[in-house]
Structure formats: C-alpha cells, structure tokens
Amino acid sequence: MNPMQADAKQLLQEFKQLLQENEITEEKCNIGLAPVTLALTSTQAELANAARSVFTVAQDVSRFGNMGAYTGEVSAELLKDSQIEYVLIGHSERREYFAESAAILNAKAQNALNAGLKVIYCVGESLEQRESGQAEVVVLQQICDLASVVTAEQWPHIVIAYEPIWAIGTGKTASPEDAQTMHAKIREGLTQITSHGANMAILYGGSVKAENAVELAACPDINGAL
C-alpha cells in the first residue's frame, strides 16, 4: 500500500533514467511494473515515453465478472479497458492475509484470461509445509488448481511465479539450488499439463538482489524475477 503518489513519481523517473543509462533492450529481457491500483494508469502514461517498452501489472483483480455491482472491486474488464496488460494472481500475501482459496483464485484467473489479460500466477509453500516434506505436493497442487479452469489456448498467456514463503521473514534462506529444484519440478508439472509447458516463463519470487541475481539467472528453469 505504498509509496505515496509523489514518491511513486520520483521512483518512476529514476527507473526511466536507469533504463536509458543501461540500455536494457527488449531483446535482453521483458520488464513489468506493478504499482498500487491508484497509480496504474498514471504509471502507464509515464512509461509511454520510456527508453523501451515496460508493461504495467495490476496487483489484483476482482473474482466477480460481468462488470457487476461490487463496491470497491476492480474488474478484469476495467483493467483491460485501461490497457493494463498483466495481473498478479495468487500472491502469498493475498493467500495469507485475505484467505484467498483455490476457488477464489480460479475465479480471478478465469475473469482475467477471458477479458484478454495475461496472468502472473504465484505459487509457493509455507515453512511448515516444507519441513513436513510437502513442498512439491503443495506447489504442484496449486498449479493443478489453476489448470482446472485454463483452456489449452490460454496457457501461452500465463506466467508462473514461485514464492518460497518459508524463506520470507523466517530467517531461513532459499539458495539458488533450492529455487532451481522447485522450478524444475514446476516445469515438469507444466509439461504434463500443457504442450506449452517447456516454453512457459517461471519467475522466482524470493529475495532477489544484486548479490544473487546473476547466480539465480544462470539456473536453467529460472526465467526471471518477481
């Protein structure tokens, strides 16, 4: 729920300057920004004159479709009409603090995909689940939950993001080896579900910083960072 508008504008100017100075071209990587809802359209407008294309990502979308009367909600259709390209679904904070179940996330994914949005779908396991040996089962089940509402034609419009929840704020660290092991399992699961699985992007949503970014990027099944 931050930063404030003035701070966000300053950060955006600094971001655009970095793009220009470092010549980070589209051939090198895709880049997206996920500002708070109130800053979505202003961010998109500001990025229109950036040195390269940067897509705008909504942090959430309503589980209710058809532009109904749901006070406070932001529909997939409204995001699409505002020319937003991607939306985050299933982020660990939404799962934890808002108790978003598989049914709720499925509804959000369906609405987003049917409206023509692309989905960044987050999966991950807790510390308790990992220590009990259930990590792979939990993560693959989350992907299977998504698969139950996705058509064959929609898979190319989905990006998977793995969040090692057990390593966020617990004092434990997910090594590049840990991340690659889970990403490989996710890749294996995706290839069993869809013919697009081998080519789908799988992002790492752990603590990515300058000190470990290169090592993480070198892992064969890690295609970027969240």
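A Cβ is built for glycine as well, from the same backbone N, Cα and C atoms used for every other residue.
Noted in Swiss-Prot for the protein shown:
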type     : residues       : note
ACT_SITE : His91          : active site, electrophile
ACT_SITE : Glu163         : active site, proton acceptor
BINDING  : Gly169, Ser207 : substrate binding site
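Locations of recorded Swiss-Prot features on the structure.
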| residue | record | Cβ within 10 Å |
| --- | --- | --- |
| His91 | active site, electrophile | 23 |
| Glu163 | active site, proton acceptor | 23 |
| Gly169 | substrate binding site | 9 |
| Ser207 | substrate binding site | 14 |
Distance from Ser207 (substrate binding site) back to His91 (active site, electrophile), taken between C-alpha atoms, in Å: 14
Helix, strand or coil: which one is Gly169 (substrate binding site) in, per DSSP? coil
Between the C-alpha atoms of Glu163 (active site, proton acceptor) and Gly169 (substrate binding site), the distance in angstrom, to the nearest integer, is 12
